[in-house]
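Listed in TrEMBL for this protein:
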DOMAIN    60-302  domain 'Pyruvate phosphate dikinase AMP/ATP-binding'
DOMAIN    307-360  domain 'Pyruvate phosphate dikinase AMP/ATP-binding'
DOMAIN    424-505  domain 'PEP-utilising enzyme mobile'
DOMAIN    522-878  domain 'PEP-utilising enzyme C-terminal'
BINDING   Glu754, Asp778  Mg(2+) binding site
Amino acid sequence: MADNKFVYIFGNNDTEGKNSMKDLLGGKGANLAEMSNLGIPVPVGFTITTEVCTLYLKNGQYPLGLEEHIDNAIKQLESTTKKNFGDLKNPLLLSVRSGARVSMPGMMDTVLNLGLNDDSVVGLATKTGNERFAYDSYRRFLTMFANVVLDIDHDKFESALSSKKKDKCVKQDNDLEVEDLKELVEKFKTIIKDETGKEFPQNAREQLQMAIDAVFSSWNNQRAKTYRKLNGIPREWGTAVNVQSMVYGNMGETSGTGVAFTRDPATGEKRFFGEYLINAQGEDVVAGIRTPQPIKTLKNTMPKVYDQLVDIYMKLEDHFKEMQDIEFTIEKGKLFMLQTRTGKRTAAAAIKIATEMVEEGLIDKDTALLRVEPEQIDRLLHPNIDPTSTYEVMATGLPASPGAAVGEVVFTAEHAEEMAKNGEKTILVRAETSPEDIGGMNAAEGILTVRGGMTSHAAVVARGMGKPCVAGCGEITIDIKEKIFNVGDYTIKEGDMISIDGSTGNVILGEVELILPGVTDELETILKWADEVRTLKVRTNADTPHDAEVARDFGAEGIGLCRTEHMFFGEDRIPAVREMIMAEDIESRKIALKKLLPMQREDFIGIFKAMEGFPVTIRLLDPPLHEFLPVHEEVMEKLRELESSDASQEEMERVKKIGERIEYLKEINPMLGHRGCRLGITYPEIYEMQAQAIIEAACELSKDGMKIVPEIMIPLVSHVKELEFVKKHVTTVVESVMEEMGIKLDYLLGTMIELPRAVLTADQIAKEAEFFSFGTNDLTQTTFGFSRDDAGKFLPFYLESGILEDDPFAVLDQDGVGQLVKIGIEKGRSTRPDIKIGICGEHGGEPKSIKFGHNVGLNYVSCSPFRVPIARLAAAHAVLENKQ
Ligand code: PEP
Ligand code: MG
């Protein structure tokens, strides 16, 4: 331990700490010392260091000499304040507060007026000539001490206070008279005796020791532990204790207490923002007992104090170069600062403050970028629930696609589409969604599913559309026949209003108020600065020209994944797609594919145009085929109907065949079945048609002078020979189309790396592939052996019990899947050093995963359009954090 110094004084000429000593003094202690160094009035006090906490919790006892250090510090406080601790005539009273390096809700917070007892309260009354004040302070002290030190329920004191107010027919605490307060003090002491079996401790030094013990012990209470775990705060940090001489905001009409921010924490506007209460102590403002007044009215009531406060807040902001959240007390017209810390703020405020502080010359651009969290941007791009509204949460699922939505419950995609035609807003509630639901998902305001994880169909598609989605809400049971869903004690009917919050996973009863923050100039500025810093490119996952345009507007530098299977579900193509699947021989399959060819060509023309000048990675078909056919039960139902009607034999045969084909194609485990390049190998003509459509589209546009950069991507490759096989077919088509059209176009042919075998043989695969794109959704699925679609049943438990810290389908598992990514990159570059490598799984839009991607040397990430701005900022953070 550093020269056995356990205690640091602040608030007088002997101040020993400073702002840079946060690790030792905690945030509160370090900043109190710093204010004192700046000449700002701070009540004198001392900080017991975090090292003491760590030793106390480790050894079960305090380090030798601590008691003496505390006694010496108290002497200093006594000499500065000219009051004596434990004195009966002129008592020094103290506040005791915890203070970790970062503010930590859940720990013991504050005890005020410590040092009072049955005798000193009389002394305080005589000395101040204010008996009411003395007993008001004593009853407050008893309540706080009992609650935070002795762990007695606060309600016991609150209800005694309320019944006293009721007896006296008064509303406010302030309206109680001295005699009432005296009675309350007696009552409170009795509660303490009843609850603890011991008298309330009258000795001031004993009170102080008990409060210090309570602060240190609270570092390890359950609430604090949970908070630390959630926020990645190490247990070893410990907390400091701040002991400070009391100043009184409850000494009459020229006293008061308040909290303020140096800028508006909601909007970021540069104005002094805050509130205060006259004749009150700190906890009254927070507890909302009386309605505080806006800070600007202080200008009229106490102009001098107001001016001084303004000077101080400006000085603090200038000094810390950051928006401050301050606490102050006025004692008989004299101002004291009790705390200053970095103020919490909304996303909009964070961006405004960061950009304006650069303009004001307070901070540089890099600092500004680091002051905005990438995830905060998400809040600015979607409607959100008005934070001032109250609502009833019925259940919570996965926060699968951010933003909030309100609408009437519908249970089918068709219903959502019908309602949308009439201008009605809906929430589509499904057990899970399938590609057939796309139209309805697009028509609904939001999507709620019972099953499926963060990479389920619903989640992926909703994110792509920028639609709010709560997925995998297993508490819900849908009764599709009755057109209801049940959750807990609620039964929700079709047509009932509900709201969902895709940022939190909440499913809410009824309609909530939404707010839509727009993309501001300040956000544009931050993103522009981010672009100047980052080296990682950001592309988008988009399958329609519209999504591509949205993403381009958000700054996407190309498409990293165009899932062509999403194009096969358009109403106009389903008949041809079904014909292709039903085909019994290659000839009839080719006839069906011929019908699809012009439609695909148009699709690609649209997408290439929207991304002109940027690379567009088009992935060849990758779903299980049966997904394109109707549901088996529906077909069987149809067959029964036909049988009982006078339908022709031919028609019945046709429907029967569809049923048989569905049965044939059905797989036990479709996620590991006949999908990806396995389809392109068994039916090469499908990939040939797609390659033809891609290259015809690209050649046609480049004939018109456009710069088109196509990249053809083969999915689910595990063996280099699979790639060789498909590549041969694809390149033959590509070459012949180019020759026919008389154009030589640069294009790339590459592969997804989404299976462990592909990673482990990436050196061989790179010989055939000109680029790699890590499909981290499938790579996570196959590395963990967790089904993407079924993990929702157990993953929540894994997260709750701490087996996993994050959902690996949302945040890349760096230790496991991340290792595979690293190996894949190394092996790939060992045979093709300049191979272009990206990520196009959902992790491509998640900040921690993006930073990982930067650090392992990816060239780009690709994410859904609405996450492009987040990815741009996260990529810049990756560079800046490495510099630090
Ligand atoms: C992946 O597996 O990460 C991927 C992008 O492909 P998909 O989600 O379409 O399987
Ligand atoms: Mg995949």
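Cβ atoms here come from the backbone N, Cα and C positions, even for glycine.
Of the Cβ pairs linking the domain 'PEP-utilising enzyme mobile' (424-505) with the domain 'PEP-utilising enzyme C-terminal' (522-878) and spaced 6 or more residues apart, 3 or more are under 8 Å, so the two regions touch. Sorted by the number of other CB atoms within 10 A, the binding-site residues Glu754, Asp778 start with Asp778, the lowest. Residues of the domain 'PEP-utilising enzyme mobile' (424-505) grouped by DSSP class, helix first, strand second and coil last, total 18 helix, 28 strand, 36 coil. With DSSP states grouped into helix (H, G, I), strand (E, B) and coil, the domain 'Pyruvate phosphate dikinase AMP/ATP-binding' (307-360) comes out at 27 helix, 17 strand, 10 coil. Regional average pLDDT for the domain 'PEP-utilising enzyme mobile' (424-505) in the model is 90.
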